[in-house]
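What follows is one structure encoded as C-alpha cells, with my remarks underneath.
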Amino acid sequence: MGQHIASSESSTNGHVSLETNGDEKTDYSRWRLIDDQGRQSWRYLESDKERVDWPQTTYEKHFLGLDTELPDLTKAQTPLQAAQGAMSYFSQLQLPSGQWASECIGPLFILAFVVIAGYVTDTPLPAGYAVEIRRYLFARQCVADGGWGWHAEASESSAIGTVLSYVVLRLLGTTRDDPRLVRARTLLHEFGGATHAPGLAKFWLCILGVMKWECVNPFLPEFWLSPDSDPASPSKWYLHTRTNFTSMSYVWSKQWSYAGDAITEQLKAELYTQPYDTIDFAGHRSSLAAVDNNYPKWWLVNLMNWLTVAVYIPYFRKPATAESAERKVWDLIVTEDKNTEYIGLSPISKAANLVACYIHDGPDGSSVRAHRRTMGQYFWMTQDGMACNLSDGIQVWDTSLAVQALCAAGASSNPRFQSTLVKAHAFLADHQLLEDVQDQEKCHRWPRKGGWPFSTRYQGYMISECTGEGLRSAMQLQGISHLGLTQRIPEERLRDAVECLLNLQNDTGGFGVYEKRLGSPKLAWLEMGEFVGKTMVTYDYVECTTAAVSALLSFSKLHPNYRAAEIEATTAQGLGFIKQSQKPDGGWYGAWGVCFTYAGMFALETLALAGETYATSEASRRGCDFLLDKQKDDGGWGESYLSLQREEYVQHEESQVVQTAWVCMALMHAGYPGREPIKRGLRLIMSRQQSKGQWYQEALEGGVGDG
C-alpha cells in the first residue's frame, strides 16, 4: 500500500491525534484552502514553520468548524439587524479571488470512484486526506444496520453505498476486523455480496481487480460509431451520461484491471458470500439487491445486454471494429480533458478519464500527470472529515447568489461592504465564458459563449441557471454607480449571455441544465441507472427555467430594444412552462435543491418579476398556499432530501434555517398579504443565529437531480 498512501505518522508529521472512539484525526489548525484564481483545493501543512508563515483565515476556520475568533455581536432584535450581522460574518468568508466557496455534497458513492481511480493509477493520496476520508465515512455509517446509503444523509443502507464505502475504508488502511466493518460486511452479505451491487459499482470493482469483467453488463464503445442522426446515438443522451459512458466504454473495451496487491486479495475474500474462485460472475451480470433496484431496467435493455454478450461479442465483434470504436472514444476523452483543463465534468467522468489515460498513455504519461494535478479540486474538508464534491466547486453559482443576498441586505450602501461587492463583480467578470470550445460539433458541446459555469471558466461547462443568475448579479452590480467599478462587463458580453439563454429553450418552453434536449423522450426506454433514474434524456427543470426567465426579464427592463420580440416570446413560453409544471397541490418540484421549498422560492420570484403575485395570479396563490401548509409548529420549514426521490413533499424531522429562509423569501416575493407566517419564520431564523452573526450547517440543502 506504500505507493498509494504514505503512513499517517510520517506524512502528517506526527500531528494526528486519536478521538474517543480510537479513530485518527488530523490537526484542523493545519488545513489551508488554496484559491488559485477560483480553483479550490485543500492542503495540510506539515511543518510548524508553514503554519506560522501561512496563518489560517476566517473562512478556513469556518469551513472546519473552528472558532473564527471574530467578535461577538449584540443580539439582533429585528430582522434587519440579524441580516446586518449575517452580512458582517458572511463578508469575512469571501476568498481572495472574490468568490465564496462551499461544499457541494450529496451522493456518497462518488467518493469511492475518485479514491479507486487514484489507487489503481498509483496517484498518491496525501495522508491527511486518507485520515479525514475515513472519519467522514464512519460519520456517515448508518447506525441501524452498519451499512451506508447512496446519499450522504441516508438513514437506510444500500448495496452500492455499503460495498463502495467498505472498499474505500479498506484501501485507506482500516482493518477487516474493525467492528464497524464487520457489521458492514455482514450487511453486504445479506444483500447478496458485491455481485448484487448496481452495475456502476461492479464497473469500479472490476477496475480495482476484485471482480471479473464478466459480471458487468457491456459498455460498448461501438455506440459512438453510429451516426449522429441515429436517434439512439450517445450524442443525443443526457450530457453526464454520455460523458461518463465515453471513458467507461474505453476502459470496459480494454477489460483493464489493477494488477492487485495484498489488500485487493483480501477484498476478494471479504466482499462475497462464497469463495472468489467458485463464483459464476457471468451469471450475476444482472443480479441486483432489491434495495438498490429503484428504477428497474426495461425488458428492452435486458434483451440488448443479452444479445451483446451472447451473440455480438463472441460471433460478430471484430477486432478492427473494436479498435475503431476505441479510437473514437479516445479522441472524445482527449477533447474533454483539453476543454476542461483535466478537471472534467464531474468526479465520475474525472475518475474514469484518469484510468483511461493511464491505460493509453502509461503511468507517467502527460495526461496522467495532468489528471493527478487536478484531482484535489474535488475533495472538500468538512467538520466531519473529507468528502467529495459533486463538482469541482460551485464558485460562480454561490457568488452570484451571494451578490443578490448582500445587495438585498443593503451592502451596496454600506462603505464597509462595497469592496466585497467589487471583488465579487471582478470574479464574475473573470469567469464568464468568452468563447465556444474548439470543434464543438465534433465533441458534441453546446455553444457556451457568454454563459457562466457552475464553478470556474477553467472547467468551462456552461449552465443555464448559472448564466441566468450570473447575468442578473452582474447587471445588478453594474447598476450601482457609487461602487465605482473600474472594469465593467461590456454590454456586448451581456448580450452574449442573453443569446446564450435564448439558444437554450426547448419546445416545451422549459430549460435544461447544459443544452437543449437533443434526443427523443423515448430514450428513457434505455435507462440503466438502477438506483437512480432519469439519466438518458435531457429534461426541463423549473429552477433552470426560472433563472433564465428572470434574467431575461431583468435584462429587458434595462435594454428594452435588444431582441425585444425574441425575449418576450421566450419569457412568455418560459412562464407557461413554470405554470404547467406546478403540481395539483400547488408545489413545484426542484431537482437541484431540496426540493419543493427550493423550487417554490424561484418560481414565485419569477412570477412576481412578470407581474404575477398572490393578488393577481392563481399560480402564485396556489404556490403560497402549498408552502404555508407545510409550516411547522415552531414557525419554520424543514424538508427532507427524500422529497427528491419520492417526488412529493417529505417533512424533515426539524425545521431548517435555509429552507425557512427560502419560503419566507418566496412569500415576500409573491406579496403574500398575511404577515404572521412570515414573522414566525423570521423568528425561527433569528433564534438560531449565532453570536458572530452566522448560522450552523444543518441538513444538506443541495439536490442531486432525479436520484
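Cβ from N, Cα, C; glycine included.
Residues or ranges marked as compositional bias 'Polar residues' by Swiss-Prot: 1-20.
The region 'Disordered' annotation in Swiss-Prot covers 1-22.
Here Swiss-Prot flags 130-173 as repeat 'PFTB 1'. Proximity of distant same-chain residues to the repeat 'PFTB 1' (130-173), defined by a Cβ-Cβ separation under 8 Å and at least 6 residues beyond the stretch ends, is recorded for 1, 4-5, 8, 12, 16, 19, 23-26, 105-109, 111-113, 115-116, 119, 180-181, 183-188, 191-192, 194, 196-198, 200-201, 204-205, 208, 210, 263, 266-267, 270-271, 288-289, 291-292, 381-382, 384-387, 531-532, 641, 699-700, 704, 707.
Sequence annotations record features per position, and here Swiss-Prot assigns site 'Transition state stabilizer' to TRP397 (among others) based on similarity to another entry. DSSP assigns TRP397 (site 'Transition state stabilizer') to a helix in the three-state reduction.
According to Swiss-Prot, the feature site 'Transition state stabilizer' maps to PHE454 (among others). Taking the Cβ of PHE454 (site 'Transition state stabilizer') as reference, residues of its chain lying under 8 Å away and at least six apart in sequence are, in sequence order, SER391, GLY393, ILE394, GLN395, VAL396, TRP397, TYR461, ILE463, CYS466.
According to DSSP, the repeat 'PFTB 2' (494-535) comprises 15 helix, 3 strand, 24 coil. Per Swiss-Prot, repeat 'PFTB 2' is recorded for 494-535, and the stated evidence type is sequence analysis.
For 571-608, the entry in Swiss-Prot reads repeat 'PFTB 3', with the evidence type sequence analysis. DSSP assignment over the repeat 'PFTB 3' (571-608) gives 23 helix, 1 strand, 14 coil.
Summarising the annotation, Swiss-Prot assigns site 'Transition state stabilizer' to TRP592 (among others) and lists similarity to another entry as the type of evidence. TRP592 (site 'Transition state stabilizer') has a Cβ environment of 20 other Cβ atoms inside 10 Å.
Long-range contacts of the repeat 'PFTB 4' (620-661) within the same chain, counting only residues at least 6 positions beyond its ends with a Cβ under 8 Å from a Cβ of the stretch, are 106, 151, 153, 294, 582, 585-589, 591, 594-598, 600, 603-604, 607-608, 612-614, 667, 670, 672, 677, 680-681, 683-685, 688, 695, 698-701, 703-707. Residues annotated as repeat 'PFTB 4' in Swiss-Prot: 620-661.
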Looking only at the repeat 'PFTB 1' (130-173), what are its DSSP counts of helix, strand and coil residues? 23 helix, 3 strand, 18 coil
As a test of reading the model: what is the averaged pLDDT for the repeat 'PFTB 2' (494-535)? 95
Excluding its own, the Cβ atoms lying within 10 Å of the Cβ of TRP397 (site 'Transition state stabilizer') add up to 25
Can you break down the repeat 'PFTB 4' (620-661) into helix, strand and coil residue counts using DSSP? 20 helix, 9 strand, 13 coil
